[in-house]
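Novice: Pasting in a structure now, in structure tokens, and then I'll have a few things to ask.
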Amino acid sequence: MEFKTLANGIKMPMVGLGVFKVSPNKTKNYVLAALKQGYRLIDTAQTYKNEKEIGEAIRESGIPRKDIFITTKLFLPDYSFEGAQEATKRSLDIMGLNYVDLMLLHHPMADYLGAWRGLENMYKEGACKAIGMSNCFPNTIADICETQTVKIKPMINQVEMHPFNQQNLNLKTMENYGIISEAWAPLNEGKRNIFKNTILTKISKKYNKTVAQIALRWNIQRGVIVIPKSDYDYQLKENINIFDFKLSYADMKEIEKLDIGHSEIVDLLNPKFVKYIHNFKY
Ligand SMILES: NC(=O)c1ccc[n+]([C@@H]2O[C@H](COP(=O)([O-])OP(=O)(O)OC[C@H]3O[C@@H](n4cnc5c(N)ncnc54)[C@H](OP(=O)(O)O)[C@@H]3O)[C@@H](O)[C@H]2O)c1
């Protein structure tokens, strides 16, 4: 496993396990299976409703807590100075943990700056080892980092990033502010027929790897952390075994040609989506 070092010196594994849409009754075994395969980063959220089972899996695994990196995320109803602090404590209670490694604000909407100040407090108290944002475009990243009342810059921005939606300006902006990028849906949720893509298939044959491994490795070489999700043990194994080869400069460039410059999963800028998020019940 390779690690990225966050702005505060904390080390974060570069491959992790996504648990979005994993039902609570399957979560514990899913996480235990992944931990057996060597996964040490788990990505959840309050909205995923499986934090409790993740806590159970960690305890049952017998792996020292310090060797596992847990990320969770807060959602809009808790976005205020007080609310973010209460919600952080709620996550810790539900998971049965003393701290999370990384707490993110799921979307930069509503009173996210108020919530951010709450997270700064939780960070200072040790309830979160690191704090960050999710779903920020470059303008929002710059806005947060330039805001005088923001005392601690986000250490991570977790955004959709894969060969079809590369977000190069976002990546550059994060680099400029010392923020590490983390890719959700690093396999584009299987959309655009990614696993049969001609360019990725050609490259995969050259390295004797699968298309999934090529897509994930491409992000790793851009310095981006990936958190793919899979229901199958053999795919979980595949997705973490991406450190024994290196894509050439020419192949990295070839993959750059696949960028369509926007998401086909969710249009974060669409007012209907913003309204949906504001009214989302979980
Ligand atoms: N911050 C946010 O707003 C946000 C939004 C979305 C997701 N996330 C996080 O990011 C994680 C990953 O995103 P995601 O689950 O949406 O999408 P993803 O990881 O890009 O794609 C998952 C899909 O790829 C398939 N797959 C995985 N590994 C494969 C392999 N080696 N070969 C072939 N197919 C493979 C899975 O199929 P099978 O399951 O059938 O194997 C599943 O259909 C989530 O679980 C969540 O933790 C965060």
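Here the Cβ of each residue, glycine as well, is placed from N, Cα and C on the backbone.
Among the features that TrEMBL reports, active site, proton donor is placed at Y48. The annotation substrate binding site is assigned in TrEMBL to H106. Look at TrEMBL and you will find 21-259 tagged as domain 'NADP-dependent oxidoreductase'. Annotation source TrEMBL lists site 'Lowers pKa of active site Tyr' at K73.
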Novice: Cα-Cα, whole number of Å: the residue listed as 'active site, proton donor' versus K73 (site 'Lowers pKa of active site Tyr')?
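Specialist: About 9 Å separate the Cα atoms of these two residues.
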Novice: What mean pLDDT score does the domain 'NADP-dependent oxidoreductase' (21-259) have in the model?
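Specialist: Over the domain 'NADP-dependent oxidoreductase' (21-259), the predicted model scores a mean pLDDT of 97.
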Novice: Kindly assign K73 (site 'Lowers pKa of active site Tyr') to one of the three DSSP-derived states: helix, strand or coil.
Specialist: strand
Novice: Taking only the Cα atoms, work out how far K73 (site 'Lowers pKa of active site Tyr') lies from the residue listed as 'substrate binding site', in Å, as a whole number.
Specialist: 5
Novice: My understanding is the cutoff is Cβ-Cβ under 8 Å with a sequence separation of 6 or more in the same chain; which residues meet that for H106 (substrate binding site)?
Specialist: A45, Q46, T47, K73, L74, F75, L76, S134, N135
Novice: What count of other C-beta atoms do you get within 10 angstroms of the C-beta of the residue listed as 'active site, proton donor', across all chains shown?
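Specialist: Summing over all protein chains shown, the residue listed as 'active site, proton donor' has 20 other Cβ atoms within 10 Å.
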